[in-house]
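What follows is a single structure, written as structure tokens, with notes after it.
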Amino acid sequence: MKPRKIKLLFLANHLITMLYIANITGPGRLSESTSLVPYLISTLILLDISYIVTCNLKNNKMLNLFCGLLALNCWYIVFTLDPSRAGAVALTALGPVILCASARFTLVFFFQDTGYQYKRFTGILMFFTCIGSIIGLFISPRVFAFMFGIQFLITVFCFFLILIKHHKRMGFVWKNERKSILTSFFLIFGSFALYCILTAKVPGHLENFGVYLIVLLFFFNIHAISFKKSKSTPLSSVFHKKQAWIMFLFFALAVILISYLLKFSFRGYFLIINLFIWLVFLCNIMLEQNFRIQKFSFLHPGSYNKVLEQIRREEQLKADFSNYLHDEVLQDVLSLKNLMSKSGDPKVQKLILSTLDDLNGNIRKQMQDYHPALVNSLTLKENYQNLIEETGRSFPYRTIITTFTCPDDLFLVEPYHLIIYRFIKELATNVYKHSKGNYMWVTLSQDKGTIHLCVSDNGTSCADTILLSPTSDHKGISSIQEQTLSLCGEMKIQDNTPRGISVHITMPMKGEHSYESFVSR
């Protein structure tokens, strides 16, 4: 779906949510104490959705999924306010869906949308137990309770099975993200404790708080990990911070004054605030469309403009690449097709088909070099194994026995998984091109945040042939060494035992901003 349609979809959801809340919370329908917290949490969620969608300039799939999950949680909280039977059914039906979606999203997020062991197995289990719970809802309350209980137990089992199996990765995430996670925990539970103290004498003040705490912990933690630094929005490119604060203060004053004159209850306050958020959301969407069409000279520098400029450069690069494919490649393909239709000579047809196959292979190779496409359903080890085998098939005249040693549960956070992918490809290609041996060993591991990669062969060359030769003779090796040094790593080229060359690469894997990079790609 196009980015504009996704933004408009969330904008419409925001408006529908506001209208629904206004409809079900009319005067005298709900007590002030029972509806204050749902109002507050739903407003926070809607505000967060509008902020994330506005900042998501690159239409990142993970951020869109997160906003969709937030919208489901918001509707769940809204349905707790609805006393009708339809609201109760919708509330009950959303429970299994949110449980399944939250568990699967959390795993996809922490594994950065890559393959991991038991991914398919656990995904199928969670999906079918969710379907079973929804079917049980239409049979009887007892059947639903039984099926939902099974779903809850299986989801928890699958979740902790993966956490235990990949405990090293979870340890790495905790090591790098514990500050954000602990901050969220203290903020939420500190606010909860303060709320309990202030409302201790109010009846029903803790109603549904088990659900509220889980929802808040979930979206606060994901948000804190993904957005360590505040992102700029289109409006921030038009107004300076001081101007934005002045506008906010005047808005707050206007809300208080209008509510006082019209004698609004706290519901009126929240509806006006939500309306203001919706209008700002709409302004940001319209401004973004204008900014993409043309560059305004009055915009002041900011991170939003830098990202927008980067997107423009990327779009220009894509356009140039598209023109290359059209002018240099597609024209040749069409010419060959025309030749084949005119020629009745089987030899000519065979030659043309062979040329087309070569052209197809070259295009695919260039695409893979331009941006490596890792298969998300496979683990990193399986992706790297496929890469090594594919490299070998590119040299049919060479027979080299390859041994790839790598843990099954290897994990490399973004962008290190692509960096190592390129390193393995370049080093393996060098072995096939230049080594006169018949064996190649590739060893890859990651231990305590340090990546170790070793590619060696049993050829007749020695390390000095690379170390003493000009850099221009080994551009691939030089590029790898330069990238390794820029990442605070080290590359050693040594003689292999008993013969051949061995290339050792060691680099630290820093994860402080890995998830922020993941949601910004």
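The first residue you see is number 1, and the count goes up from there.
Positions of Cβ are set from backbone N, Cα and C atoms, glycine also.
What TrEMBL says about this protein:
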TRANSMEM  7-24  transmembrane segment
TRANSMEM  36-55  transmembrane segment
TRANSMEM  62-81  transmembrane segment
TRANSMEM  87-109  transmembrane segment
TRANSMEM  121-139  transmembrane segment
TRANSMEM  145-164  transmembrane segment
TRANSMEM  185-203  transmembrane segment
TRANSMEM  209-225  transmembrane segment
TRANSMEM  245-262  transmembrane segment
TRANSMEM  268-287  transmembrane segment
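For the transmembrane segment (36-55), the partner stretch with the most Cβ pairs below 8 Å, chosen from 7-24, 62-81, 87-109, 121-139, 145-164, is 62-81. By number of Cβ pairs under 8 Å, the transmembrane segment (268-287) is matched best by 7-24 from the list 7-24, 87-109, 121-139. In summary, the transmembrane segment (145-164) lies against the transmembrane segment (87-109): three or more C-beta pairs, each 6 or more positions apart in sequence, are under 8 Å. Looking at 7-24, 62-81, 87-109, 121-139, the range that has the most CB pairs within less than 8 A of the transmembrane segment (209-225) turns out to be 62-81.
Within the same chain, residues 6, 10, 13, 17, 20-21, 24-25, 30, 35, 38, 41-42, 45-46, 48-49, 52-53, 56, 87-88, 90-91, 94-95, 97-98, 101-102, 105, 108-109, 113, 208, 211-212, 215, 218-219, 222, 226, 518-519 sit at least 6 positions outside the transmembrane segment (62-81) and bring their C-beta atoms closer than 8 Å to a C-beta of that stretch. Remote same-chain residues near the transmembrane segment (7-24) are listed as 1, 39, 42, 46, 49-50, 53-54, 67, 71, 74-75, 78, 81-84, 87, 270-271, 274-275, 277-278, 281-282, 285, 288 (criterion: CB distance under 8 Å, separation of at least six residues from the stretch ends). Remote same-chain residues near the transmembrane segment (121-139) are listed as 89, 92-93, 95-97, 99-100, 103-104, 107, 145-148, 150-151, 154-155, 158-159, 161-162 (criterion: CB distance under 8 Å, separation of at least six residues from the stretch ends).
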